[in-house]
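Peer 1: For reference, Swiss-Prot lists these features for the protein:
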- C92, H134, H138: Fe cation binding site (BINDING)
- E135: active site (ACT_SITE)
Amino acid sequence: MALLPILEFPDPRLRTIAKPVAKVDQRIRTLIDDMFETMYDAPGIGLAATQVNVHEQVLVIDLGEETKEPMVFINPSIEILDQEHYEYEEGCLSVPGFYEQVSRPKHIRVTALDRDGKEFVIEPEGLLAVCVQHEMDHLNGKLFVDYVSNIKRQRIRKKLEKQHRQAAQSVG
């Protein structure tokens with residue numbers, strides 16, 4: 001297993017639309033293992049392949065007690081079951097140190113493949129529903145900061161760009 005570098009906002013590669021996985025094979029299973037290792041090291045509760053510059057529809061989630069075991073979603077699709085929404089404070093490994101309230105559908109159905117290529121369907125609730133939607137946004141080139149005002153998004157962008165410049169200067 002290997003730690004993968006996580007892309008950070010405003011890196012334009014985060015806006016890439018992920019392609020469906022054609023075949024769940026050893027290459028994809030190795031990617032999944034590397035993504036879990038990277039997510040745990042960060043530490044985080046979810047990671048999309050887009051965040052590690054692999055533009056295929058793969059995401060991993062581990063909410064500890066809430067999910068009982070780590071979850072893998074390959075080629076996920078989502079169906080919104082009703083119009084009820086709730087707000088949740090979200091953060092992101094690609095937008096480190098920033099948290100904002102995001103409104104998302106409360107009742108959803110997700111269809112995906114597991115790490116063995118077997119289809120499954122779930123109707124997640126609570127944090128799992130939020131996390132699945134957040135990670136699926138990454139596969140579509142969208143970030144949680146896209147849900148906040150343009151002024152807030154620009155402020156976050158400027159702060160992260162400043163942090164990147166300072167980090168580059170301290171290395172050089």
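Using the three backbone atoms N, Cα and C, a Cβ is placed for every residue, glycine included.
Quick caveat, the model's predicted, so the values are computed rather than measured.
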Peer 1: Can you name the residues of this chain that are 6 or more positions from C92 (Fe cation binding site) yet have a C-beta less than 8 Å from its C-beta?
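Peer 2: Same-chain residues close to C92 (Fe cation binding site) (Cβ under 8 Å, separated by 6 or more) are F9, F98, H134, L143, F144, V145.
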Peer 1: Using the Cβ centroid of C92, H134, H138 as the reference point for the Fe cation site, which residues of the same chain not in that list have Cβ within 8 Å?
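Peer 2: My list of surrounding residues reads G46, A48, Q51, E90, L93, S94, E135, D137, L143, F144.
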Peer 1: Same-chain residues six or more away whose CB lies under 8 A from the CB of the residue listed as 'active site'?
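Peer 2: When sequence neighbours closer than 6 are ignored, the residue listed as 'active site' has G46, L47, A48, L59, I61, F73 within Cβ distance under 8 Å.
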